[in-house]
Amino acid sequence: MLSLIKLPRVFTIHQVPKVFHEDSIISGYRHPRSSATDCILSLFQLTNETLNIWTHFLPTWYFLWKLLTVVLMRDVWSDSFTWPLLVFLMSCCVYPLASSCAHTFSTMSTRARHICFFFDYGALSLYSLGSAITYSAYVIPDKWVNSSFHQYYIPIAVVNTVICTTLACYSRLGLPYIQYNHHIIKRFSECKSPKFGKFLRILAFALPYLFDNIPLFYRLFLCVGDGCTDNDTNALHHTHIALAFLTAFLFATHLPERLAPGSFDYIGQSAWSIWKGFLFDSFQNDLSLYCARLVVIQWILINTGLTLVVRHM
């Protein structure tokens, strides 16, 4: 049956417009005016996006399974302490699904490419916000609970989500109605200074991550004495941080394809490695937060004798 379906043709970097070029990727490009059908069919042929798309799409179902497990196995409506974990798992479902759709349909047109990645950036920011909400409930050091930082932590994370999504979108097109409009797209930042556009995107992703992890960094590397929440989940958090910084390094350097252009067009390119690292980081974060939740429950029961109540959210 599949042999009767004509798969779309793939192209080299010299056959597609510059807006579709990827750093040090020479071949495996899809047609820059693909139809929606062609985009879906391309999932079943080897292009420079195939593994990238599938490594986004399949983990969505893992996180959806985790979400449904929590919903079905626990009385989530009355157990408010589970709500932050649900928010985090929902964000884990949204961002890989949005990213897989963005990469799948990004070759329909130049405009579609930008719109797709705008949704991708927004989904990543939502994941960052979901992480902040769970950190506020399960990870923040005991000595910071109910502090001014704790009270303003989530509102600042919300502001970061809006600002960083806007900054990432600006890095592609610039300002609406000023640097681009409905009739013509002038890719302001990337067109005039690709490195500046890349820097803005790195900043947009790094800023919320660094802010969200302030409680975790303090807890792991600076906090000493009573109220430092030293428990078995710290080892998981160390792994999570290491994977996050590895992902950032690959995103910034475009390794390994920069060392051998054309050799990693289909397998092993940094875009695929980045998302594999990001998703492994999410798996690790999911595990560490789940364990942290159990530890906090135990702490509440031992120290207060109360039933499950969110710890000063």
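Heads up, the Cβ atoms here are built off N, Cα and C, so glycines get one too.
Curation plays no part in TrEMBL annotations; they are all automatic predictions.
Per TrEMBL, the feature transmembrane segment maps to 53-73 (among others).
Under the heading transmembrane segment, TrEMBL lists 85-105 (among others). Cβ atoms under 8 Å from those of the transmembrane segment (85-105) belong to residues 36, 39-40, 42-43, 49, 52-54, 56-57, 59-60, 63-64, 66-67, 70-71, 76, 112, 116-117, 119-120, 122-124, 126-127, 129-131, 133-134, 138, 275, 279, 282, 286, 289-290, 293 of the same chain, restricted to positions at least 6 beyond its ends.
In the shown protein chains, 24 other C-beta atoms lie within 10 A of the C-beta of His103 (Zn(2+) binding site). Feature annotation from TrEMBL assigns Zn(2+) binding site to His103.
Among the features that TrEMBL reports, transmembrane segment is placed at 117-140 (among others).
Annotated transmembrane segment per TrEMBL: 152-178 (among others), in sequence order.
Residues annotated as transmembrane segment in TrEMBL: 199-218 (among others).
The annotation transmembrane segment is assigned in TrEMBL to 287-310 (among others).
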